[in-house]
Amino acid sequence: MSTRPQPDWYYHRHPYASTPLAEGEEPQLLPIQDQGNHKKSKIWMAYKAPIVRWYKNAMLVKDNFWKDLESSHQIIWYPYKGISESVGNSDYLHLFFLIFGYYLLNLLLIVAFTSILAWSLLVCIYLPFLGLFALPLAYMQTILISTTLCNSMVKGTDFVLFTRIYGVTFARKGLTELSEACETISFTPFVYRRSHRLGGLFSKRFYLVSLPQFFIFFFWYIFIAFMFLLLLLVPIVGPITINMLPFSPGMGFYYFEPYFVDVLHLDSRKLSKVYYKGFAKWLLYSISSGLLESIPILGGLFIGTNAVGASLWIVKEIKDRDQPAVPPSPPAEPEEPTVGSYAPPIQQSIAHINPP
């Protein structure tokens with residue numbers, strides 16, 4: 001047998017063993033996973049890994065949803081606290097102007113390229129059912145659809161201004177180190193890595209793993225896009241609902257990513273754990289902030305105040321975590337005074353047993 005070290009999947013312990021291999025312990029080699037089945041096992045692991053990851057994410061939601069919902073229900077008011085924090089405060093003003101300008105630019109582009117097509121399509125759909133009411137309803141629906149798409153584009157950008165808002169909030173709340181960390185962030189564009197080299201296009205792994213997974217995800221995203229399209233056609237309620245969904249393109253978790261990514265520098269695996277473990281509070285924040293974002297034009301201002309509200313929630317979590325827990329003191333037992341006794345305390349305590 002070869003003495004070269006094998007990959008982790010090659011070794012096997014008893015399934016009920018709760019501890020890793022001890023020092024000097026010989027691993028048990030699976031008889032079915034020999035060197036001849038090395039490539040077959042790699043292909044199996046390529047399919048097994050995403051299934052295991054999805055299962056772990058589902059278990060994180062299942063184990064923490066109700067506890068997090070009970071402990072973090074106050075987060076639903078924090079978008080409105082962001083508004084009250086921003087009113088009359090000039091520290092956020094220049095950041096709000098930049099976000100609002102970027103919002104208006106996206107809204108104008110969306111209206112220019114999609115409004116005529118969307119309005120015509122909606123009129124054709126609503127006209128047989130609503131008659132003359134189809135024209136104003138299609139107009140209102142087109143505005144809401146454009147607002148929803150604009151929110152997705154603004155929040156879906158790797159936006160350094162959200163991080164700057166966190167820096168202002170941290171400075172106002174006395175968290176100097178975190179504020180300095182936010183101010184030193186610079187925008188770095190994404191680097192797209194090639195999944196396969198040219199030689200990999202002719203490998204067995206490409207045809208058995210990469211290509212099937214590509215089509216699975218492709219049709220899955222097509223299905224999601226089709227469901228969102230049907231939801232957008234629902235008058236008034238549809239676009240507002242999409243803004244409120246936590247897994248939609250404009251989910252509320254985008255407001256918290258600057259802290260976890262730019263300040264804590266979490267990788268994708270840890271960020272995914274944070275998202276699924278706290279799914280309940282992101283859901284509540286998505287619902288509350290999505291209602292504000294659905295207001296046309298003013299939604300561009302509310303995106304900035306929603307970021308302020310998210311930073312206030314992070315400040316609250318930091319202070320709650322750093323504040324030491326004080327155990328409750330036991331209630332003091334009432335003392336029975338002894339009338340006319342000047343004896344020491346010990347003798348007073350036994351006076352009722354041995355009276356003078």
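A Cβ is built for glycine as well, from the same backbone N, Cα and C atoms used for every other residue.
Fair warning: this is a prediction, and the values are worked out from it, not measured in the lab.
Annotated by Swiss-Prot as transmembrane segment, the relevant range among 274-294, 295-315 is 295-315. Membrane topology of A138 relative to K319, as recorded in Swiss-Prot: same side. Looking at which of 93-113, 116-136, 214-234 has the most CB pairs under 8 Å to the transmembrane segment (295-315), the answer is the stretch 93-113.
Sorting the topological domain 'Extracellular' (235-294) by DSSP state (H, G, I as helix; E, B as strand; all else coil) yields 44 helix, 0 strand, 16 coil.
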